[in-house]
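Asker: Grabbed the feature section from TrEMBL, which reads as follows:
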DOMAIN    43-294  domain 'G-protein coupled receptors family 1 profile'
TRANSMEM  28-51  transmembrane segment
TRANSMEM  63-84  transmembrane segment
TRANSMEM  104-122  transmembrane segment
TRANSMEM  143-165  transmembrane segment
TRANSMEM  202-228  transmembrane segment
TRANSMEM  240-257  transmembrane segment
TRANSMEM  277-296  transmembrane segment
Amino acid sequence: MRNLGMNISSTSSITLMGFPEMERLEHWLAALLLLLYAISILGNALILFIIKEEQSLHQPMYYFLSFLSVNDLGVSFSTLPTVLASMCFHAPEISFDACLAQMFFIHFFSWTESGILLAMSFDRYVAICNPLRYSSVLTNARVAHMGLSIIVRSFCMIFPVPFLLRRLPFCKANVLTHSYCLHPDLIRLPCGDTTINSMYGLFVVVSTFGMDSVLILLSYILILHSVLAIASQEERLKSLNTCVSHICAVLIFYVPMLSVSMVPRFGKHAPKYVHKFMSLIYLFVPPMLNPIIYSIKTKEIRRRLHKMIWGPKL
């Protein structure tokens, strides 16, 4: 009987389920996910290349965008190995330590993205509300310090989670719902008391996503107040237009994240694949859409892309 309380890391592996209820559409789903990966990786790599090569983009707004692109690449590469293994090569098993490592990186990049979006909202606030102080407030050194602070915060928040899971006895079926390892999914496996894990998880969500979203909302309230004070309607629209890309990035990150947290609570009778699709949207859509949005809305990036595809004008 004592074997039932042994740690899972010393006894067995974990099985990632994926979409067994959609077996007939498995090939199409795998093809769709591979397409999303390709768009995400290519799009974010292009954004990084253009920002590096285009001197006019060497300013704080685009430094934050490059941070976002690096982070989105991290999200994609964190889920790619197990999604490919389980859906394309029918190898759904993963060791416990590898599962913990994947969980660490997925949540690390998610919390880092929240911090980057907050930093970008601060950039827009300074650019619109205090334009004369923009270059003195957002220096290269300060941007680098902000990026480092975001990384350190995310690391410190996620670092205890794998250790809190390892201390628990695992004696249930070692099967996860998704094709990758997420903390809400892993926390269902232990047969011990998970109160500390749940409380710490709630604390992290409130202190990161909750606080960041409130501060982003506050920054846009201040931006809107400043914009409405501008006499010229044309200047108002011009100022607001510089925020459109960031607003879209915030919405495509926070709306799916809220949906993922709300569906299990208020959609308990929904089919399991609905929960899985919401998780896929949360992890796959932002890294794919962010480079598309910024490519469409940023004139300098559009111009560089046109030059790369069609060549310089004669």
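Positions of Cβ are set from backbone N, Cα and C atoms, glycine also.
Owing to the predicted nature of the structure, the values given are computational and were not obtained by experimental measurement.
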Asker: Would you kindly list the residues that approach the transmembrane segment (28-51) from elsewhere in its chain, counting only those six or more residues past its ends and only Cβ-Cβ distances under 8 Å?
Answerer: 19, 22, 57-58, 62-63, 65-66, 69-70, 72-73, 76-77, 80, 83, 87-88, 280, 284-285, 287-288, 290-292, 294-295, 301, 304-305
Asker: Using a Cβ cut-off under 8 Å, which residues of the same chain at least 6 positions beyond either end of the transmembrane segment (63-84) come close to it?
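Answerer: For the transmembrane segment (63-84), the sequence-distant neighbours (Cβ-Cβ under 8 Å, at least 6 residues beyond its ends) are 16, 33, 37, 40-41, 44-45, 47-48, 51-52, 94, 102, 105-106, 108-110, 112-113, 116-117, 119-120, 123, 140, 143, 147, 150, 179-181, 249, 283-284, 286-287, 290-291, 294.
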Asker: Using a Cβ-Cβ cut-off of under 8 Å, list the residues of the same chain that are 6+ residues beyond the ends of the transmembrane segment (202-228) and lie near it.
Answerer: 111, 114-115, 117-118, 121-122, 124-125, 128-129, 153-154, 157-158, 161, 236, 239-240, 243, 247, 250, 254, 257, 261
Asker: For the domain 'G-protein coupled receptors family 1 profile' (43-294), what's the model's average pLDDT?
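Answerer: Average per-residue pLDDT within the domain 'G-protein coupled receptors family 1 profile' (43-294): 87.
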